[in-house]
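Colleague: Here it is, the structure in full.
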Amino acid sequence: MDARSGHHRVREGDEEADAAGGGATAPFLDAPLGCSGRRRSHAGDLRVLSAAFLFVFSAYCAAQNLESSVNTEGDLGTVSMGILYTSFTLFAVAASPLVTWLGSKRALVVGTSGYVVFILANLVPTWYTMVPASLYLGFTASIIWVGQGTYLTSAALSHARDNNLPEGQTLGNFNGEFWGMFASTQVIGNLISLALLRDGKDGGSVTGKNLLFVVFLGCMIVGIVLMCLLSKRDEKGNNAPTHSSFGAMMKYIVVPLKDRRMILIIPLIAYSGLQQAFVWAVFTKNIVTPVLGISGVGGAMAIYGAADVVCSLVAGRLTSGLHSATSIVSVGAILQAVVLFCPMGGLLGAAVPLFIGALWGVGDGVLNTQLSALLGLLFEDVKEAAFAQLKVWQSGAIAVIFFLSPNITLQAMLILMAIALIISFGSFLLLTLVVEKPSTIIS
């Protein structure tokens, strides 16, 4: 309001499974039925899911990056994003039982509708269109992201069990491929933005905006079609009684908060939201636009996305458990600290925003891969609730940045981010000490 590996790694897992099962048809027989009636492998579902998110979020991420620079009258864009992520935070609290009731596939399809409405609102950006669209998108975003975490974790664990592969490594591989594909949305969407947007003459308004959002709308439609092609997972016939009362639903939601592992990982979850919003609201407006102009936002964010892609794929390949995650998160934290502690006031030259974007993309790739993999492993029995917690704290932190950014200086924002990084990284290191016998939990 962003468990894996690249394609090659996942395919290696499939080949190993084929060898163990006596041929390519062995894992296929255990796969769920797709909409076409043919059986699809768990890795196949991963790729359909990744492609669907690629189309939807290539459009949305590029639109989000432009909000603070394009819809500037009365800070409409920034305020709308703040409202969006506040709504996201509030609705994410109840998203886990809703996803359990809908099933993760239906949750993904329903969740996509809010992104379509948001793009339509940007074609006629007023307070009467943007605010309702932002509120609705907050609701549907909570559904789609809890559904994504649940669906991906279910596919990865099923793949591991069917093919006798390590769960930790398989989750790392699946998350690596998904988040690598997802990070490329920043490249594709922002290159489209770079191609279609033009700065107005003599400081006039930017041109090509409506055409850009029509193209984004087309991407959304393709994404929805792909969501419908996913196989069904986690469909339970007895979901209704599980949350038959508000008290029972709230008890289900707060279960992860009774686990000290969740308490210790929450600061890092919150920081992941802060750093994403910093890029979207502060980096694009206060660092990129003064140097490269509004039309240059797309190019800078494409560099950010490319670094995110590479890091996500590499981090996913290296993920095997809590100890490997600690090393990977440490590298990402150091790189983001370098950016935060650099004297921003003296930055000159077009290359500097691009370099900062690349470093920030590496950090984002680290956090996305490691948080998703660890939540899937540590909270396998309550994964819907765990991923709901991820989005509650992440989206809440994002909303804070969007509301604060118009009212505080860049220097104050950098200090806030540096303090948050230190606290969250310290808490994560404590998690590695608190978890008892991590090899039995994360292997």
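Each Cβ is built from the backbone N, Cα and C atoms, and glycine gets one as well.
Copying in the features that TrEMBL gives for the protein in this structure:
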COMPBIAS  1-10  compositional bias 'Basic residues'
REGION    1-24  region 'Disordered'
TRANSMEM  48-66  transmembrane segment
TRANSMEM  78-100  transmembrane segment
TRANSMEM  107-128  transmembrane segment
TRANSMEM  134-157  transmembrane segment
TRANSMEM  178-198  transmembrane segment
TRANSMEM  210-230  transmembrane segment
TRANSMEM  262-283  transmembrane segment
TRANSMEM  289-316  transmembrane segment
TRANSMEM  328-348  transmembrane segment
TRANSMEM  414-435  transmembrane segment
Colleague: List, by number or range, the same-chain residues at least 6 past the transmembrane segment (414-435) whose CB is under 8 A from its CB atoms?
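Modeller: Same-chain residues near the transmembrane segment (414-435) but 6 or more away: 260-261, 264-268, 270-271, 274-275, 278, 322-323, 326, 329-330, 333, 336-337, 340-341, 344, 378, 404, 408, 441-442.
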Colleague: Which of 78-100, 107-128, 210-230, 262-283, 289-316 shares the most C-beta pairs under 8 angstroms with the transmembrane segment (48-66)?
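Modeller: The stretch I would name here is 210-230.
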Colleague: What stretch, picked from 107-128, 178-198, 262-283, 289-316, has the most CB pairs under 8 A with the transmembrane segment (210-230)?
Modeller: 107-128
Colleague: May I ask whether the transmembrane segment (289-316) has at least three C-beta pairs under 8 Å with the transmembrane segment (78-100), counting pairs 6 or more apart in sequence?
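Modeller: Between the transmembrane segment (78-100) and the transmembrane segment (289-316), contact is absent.
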Colleague: Other than its close neighbours in sequence, what residues sit by the transmembrane segment (262-283), given a CB gap under 8 Å and a spacing of at least six beyond its ends?
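Modeller: Tertiary neighbours of the transmembrane segment (262-283) are 2, 64-65, 67-68, 78, 81, 85, 256, 300-301, 304, 329, 336, 353, 356-357, 360, 363-364, 367-368, 371, 374-375, 378-379, 386, 389-390, 393-402, 405, 410, 413, 416-417, 420-421, 423-425, 427-428, 430-431, 434.
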